Each structure stands twice: as C-alpha cells, then as structure tokens.
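As structure tokens, the structure follows; a few thoughts come after it.
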Amino acid sequence: MTPRHLVLQMLARSRKKESFSGAILDDALTQAVGMSPVDKRLATHLFLGMIRREATLDAMMKPFSHRPLIEIQSEVRDLVRMGIYQIACMTQIPPHAAVYETVEIARAVNPRSLGFVNGVLRRITELVTDRKVYAPSEDALPMDDGHYRQLSRNLFPDPRRMPAEYLAEAFGWPFWLSRRRIAQLGWDSCLRQGFWFLTHPPLYLRVNRLKTTREAYMEMLTAANIAHEPATHPQAIRMIGGHNIRALPGYAEGLFAVQDESSIRVGSALSPKPGMRVLDLCAAPGGKTTHLAELMDNQGEIIACDIEADRLKSVSSLAERLGLACIQTQAIAKDGTPPDGPFDMALVDVPCSNTGVMGRRPELRNRLKPNELPHLVQLQTRLLEQAADRVKPGGVLVYSTCSIEPEEDGLLARAFPKLRPEWVIEADELTLPGRPSDGGYWARFRRQG
Ligand SMILES: C[S@@+](CC[C@H](N)C(=O)[O-])C[C@H]1O[C@@H](n2cnc3c(N)ncnc32)[C@H](O)[C@@H]1O
C-alpha cells in the first residue's frame, strides 16, 4: 500500500462520515504495518491537508473542469484534489512527480479519467508560481507557513469586495462561518485564524504535579534531546515538532498528560481543593477530570459522568496511568439525570460546535451546519442547569466549551443567572484560536447563600 492509496481510502471513509479524521488516521496508520515513517508522515500530511483545504482545491479545479465538480466520480475528484494539493499547497514534491504519480493511480481507479486528471493537473502546474506575496488578493493562495503563493492568474474572489467569499475559497472555511466570523471579529483576526487553522496545533503536555515538577520534567526532555519550551500555564509545556507521545520520557510512569493549554486553564478556573466532592458532568476522555484530581492532590471524590460508556474507559485508563484514585466514572443515559448532589463544585465541559479547534478537527469545515447551533445551545443550557442544581450553596461551577461562538459562550453564560437567580457569574474568559493555542471559553459561577 502506498501512502497515496492509503490517503484515498481514508478520504472515502471521511466522506461517509464514519468518524473524526483523527480516528480514521490512527486506525489506518495502525493497520499500515510495514509502511515507513516517512510515508506515514506524507499520508498524514496529505489526508489532513486535503480535508482542511477541500474548498480551496475545488476552487482551483473548477475553472479547468468542463463538468460541475459534483458530477465527477468521487474517487476521481479526490485524486485530482490530491494532485492539486501536492502541486499547489506543498513545496517538497516536484510538480512533474505529483502529476506522474496521480495519473498512475488514475489508471487503476478509472482509466477513462486519465485525460481529465492529466489535463487539470497540467493546468495547475501552469497556475502556481514560486513567488511569495504577503497580502490576500485574487491571485494569492495562503500557504501553511503564513505567506501566500502567487498564482499566474486571478482565481479567488477579490478579498476587498468579497471578503467572506475569499476566506471561504482561499482558506477553506464554510461560507456561513466566514461571514459570521468577519462580522464577529473583523477581517484581520479572520486572516490570522485562517492561517492558524491551516496547520495542526502544537502539542502541549500537562505535567503531573503529584509526580514531578515542570522544571524536573523539562530537564528530562532536555536530556533526551527533545525540543520544548515552557508554556504560559505553570503546569504546561509546549512541544516543538511532532512526537510519538508514548515514546516521551515518563509516559508509562504517568509524569504527564497531553492537554492543550487553553483546556488546562479550565481546570485551574475551577481549582477544587483536596477533600472536596466534585461533579464532572461531561468527562470523557478525561483530560480535565484528571487535572482536577491532580489539583485535589488525589484526595476527595470526583464523579466523572458521560453518556459514552466506552469513552469513559479512557478516563479510567488515563487516571490509572497518572496514579489518580479519587475518580469514579459513571455512565448516564442520554436523557438521564446526573447523580445526586450535593457537590462542592462542578465542571460542565459541554459538547459544542468545536469551532475553536478547527485545526484539530479539520472535517468540521464540511460537517458543521449553522442550524445545529440552536440545538447545541439547548443541550448546553440543560446540562448547565442539571449540574448547577447539584452544587451546594456557596459552591462553584465552571462551564466550558471549545467553541468561539457567542451563543455557546458568553451569551449563554450571561443568560444563565436569569434562569437560576441564586447563581452569579464571577469570571469568564474567551481564548481565540492561536492565542496561544486552541480556542475556547470558560465561565465560573458561584451559588449564593
Ligand atoms: C467536550 S467533550 C468533554 C471533554 C472532557 N471534559 C475532557 O476534557 O477530556 C463533551 C462530552 O460530553 C458528552 N456528552 C454529550 N451529551 C451528554 C449528556 N447529555 N450528558 C453527559 N455527557 C454528555 C460527550 O459524550 C463528550 O464526551
């Protein structure tokens, strides 16, 4: 199996919405026994990059196709996208090699498509140049290193006249999200996020404070020649470059967990104390639950609930690796009620649109629809109320999302005390994607009395 064949298989699975791209990738790479690490890296880059840039690849294919793209056999369309991606969005593969490899695969996929595949890709090689430009324009293709590649002719909508259209085609965002985000945050912020979401976000580790200190663990990384730097949060380390997590020092000993810095900030916003009884209503796979247990010095009780019983197993195995015994998992039915209180504190890390983590979840671009937001808000409000009703007077509750949609974040949080007047909002924080890592939101409430 070549990396390009593997990518085509993964794209077919992603098209059927079988799973998140990360899960499809893990599964395919695990089964690709015998594939070299270099080829696995190429397959990863192509697969995730093509999902991120599908709208851009289609915008580049469209002028050279005499048929509407929707009418092209999906395998052939994926193949042409793969060729365009290698020629236009990558610089490591010589264009003639990309054309040759793609045409060879077309021969096996659908021999009748040879002329079309070859024709489009040859036109794409004429379209791209090696010139770098530094501002968006109709002939500027954003590259994942933060500059634009100049094209030999205008291809995208004019960003001055049609900014949302440009964002959608050149950066591969859904049009509705482009329009919404420009209105919400402005053009410059959207361009910055556009580039941020073209790449996979960096890996962050949360050092297990019950087993080591950040300084001691960073010394271990330095001794093993692993590039890293301290992050802003005192428990967090930002890793530089790609890493096999299980091969990092201290993995089996539970010296660290993988957790993005903005997600670590959520646990710190709650800051439970040793001996407390804490409800974590949406716990799986357990990144935040285990952080709470560390902050509690592994003393007290955390009831970690989720509707996904299988994913709750990840909470238990992570807790075990980190040496945390104060967590009890409890599966609840989808429309069921959480365990009875009273709790000293609660965390409600709700299911959400995930728009703060579109770099990690590239398939969101194709899957998220604007009409899902009201349903999510309804569920989020219900979960927040359920958790709140189980916290005792004087207790604290943190609500969090990895979304940057106001409806799921600040608007919902500010509406909550109107539904439950005994609660006051104490603090909240919105993190925009890339500042410094994942985007997301948390709000902390206190129950009066
Ligand atoms: C954002 S994820 C939680 C991530 C987790 N807190 C962490 O840090 O690893 C949201 C979780 O909410 C769960 N969920 C969805 N509906 C739920 C419900 N009605 N009650 C409890 N959990 C629910 C999902 O299964 C999912 O695991």
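Residue numbers in this text run from 1 along the chain shown.
Cβ coordinates come from backbone N, Cα and C, glycine included.
Of the residues D260, D306, D310, D389, TrEMBL places D306 in the same S-adenosyl-L-methionine site as C282, A283, A284, P285, G286, G287, K288, D349. Taking only the Cα positions, the spacing between G286 (S-adenosyl-L-methionine binding site) and C402 (active site, nucleophile) is 15 angstrom. The 10 Å shell around the Cβ of C282 (S-adenosyl-L-methionine binding site) contains 22 further Cβ atoms across the protein chains shown. The record assigns C282, A283, A284, P285, G286, G287, K288, D306, D349 to the S-adenosyl-L-methionine site; their largest pairwise CA distance measures 13 Å. Taking a C-beta cut-off of under 8 Å and a sequence gap of six or more, C402 (active site, nucleophile) has these contacts in its own chain: S262, S263, C352, N354, G356, V357, D438, G439, G440.
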